[in-house]
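Straight from TrEMBL, the features:
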- 12-33: transmembrane segment (TRANSMEM)
- 22-257: domain 'G-protein coupled receptors family 1 profile' (DOMAIN)
- 40-62: transmembrane segment (TRANSMEM)
- 68-91: transmembrane segment (TRANSMEM)
- 112-134: transmembrane segment (TRANSMEM)
- 146-163: transmembrane segment (TRANSMEM)
- 196-223: transmembrane segment (TRANSMEM)
- 235-259: transmembrane segment (TRANSMEM)
Amino acid sequence: MVDTLQAINTALLVVCGAAIVSNVLAVVLFAATKKLRVKYYGFAFNLVIGDIAAPTSMLLLFNVNFPVAVLVPLFSTSLCAVELSILAIAVNRFLALTITPPARYDAMVTRGRILAACLLIWIIPAAIFVPTLIHSELEARMLRSSIALGILLITAVFYCAVFRKIVRYSPALASTECTRADDAVARTRLRQTRHLMITFTIILVMCFACWIPYCIANIMIYFSGKGYSVRPQNLLILSRLGVTTLMFNSLINPFIYWWRIREFRVSMYRLICRSRGNADPENDVVTLQTMQEPEN
């Protein structure tokens, strides 16, 4: 049992380290690429920040020099922020398709308001988990799992609503009596929304799959009624496995961005060319620039 727990701890450390590196690279690419520094990707950037904070806090928990009273709330808050960011993407796209004309949406959903929403995504979970963790670690585990499953289910409903809106929105474009400019903007927004929603539906499915083992472990620990120091070895192993799957979710998200977002791929290739000392990286990305986004 001890060897098994040690092996899982080692795997957890490796996954956390890889997740931090891959998501820091994602932050660099989002910040350095003009086409990615738009409000369209605002909540996606917030998701990346959460995917850095969660494995970082878990990695620091293995270091006794850092206070557990700070790192555990940060871990819980960042996990919740990741889920809320995925939900916010669906809500944002739903508003983009609901509020017409497009100029009205642009006037209502500004960068400042998206920034405020991103801050709330962090403040609200912190306000919930910090006092709960101070009161009871067992209750905090159960609350964390319940909130996580609730957010994921609400997010799934919103994603279905957005896809339904897309299906109904497509035929309406041809019959809308608007200017050619508005029609072109609406069609572009519809195409972008469809592609973005498919991308983050993949992320949502992965999030579901990675949260289930962690939630099962938390529920079992809660009903065992035992604290960390007296917890059975099998529950410790199950708990660490659940955390490892969650950190794997943070690790895999940047690869999904690379797979689905063309600007992300092109920016990464340019960064690689510069690191190799290529004097003209623009010529080397011609082949990538000609790659078209998938229609779905």
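Quick reminder: no glycine exception, Cβ is built from N, Cα and C everywhere.
In this chain, the transmembrane segment (112-134) lies out of contact with the transmembrane segment (235-259); the count of Cβ pairs under 8 Å, excluding pairs fewer than 6 apart in sequence, is fewer than 3. Using a Cβ-Cβ cut-off under 8 Å and counting only residues 6 or more beyond its ends in the same chain, the transmembrane segment (40-62) has close neighbours at 9, 12-13, 15-17, 19-20, 23-24, 26-27, 30, 68, 71-72, 74-75, 77-79, 81-82, 85-86, 88-89, 92, 111, 114-115, 117-118, 121, 192, 196, 200, 203, 243, 246-247, 250-251, 253-254, 257. Panel annotation: around the transmembrane segment (12-33), residues 41, 44-45, 48-49, 51-52, 54-56, 58-59, 62, 240, 243-244, 247-248, 250-251, 253-255, 257, 263-264, 266-268, 271 of the same chain, lying at least six beyond its termini, place a Cβ under 8 Å from a Cβ of the stretch. Mean pLDDT for the domain 'G-protein coupled receptors family 1 profile' (22-257) in this predicted model: 86.
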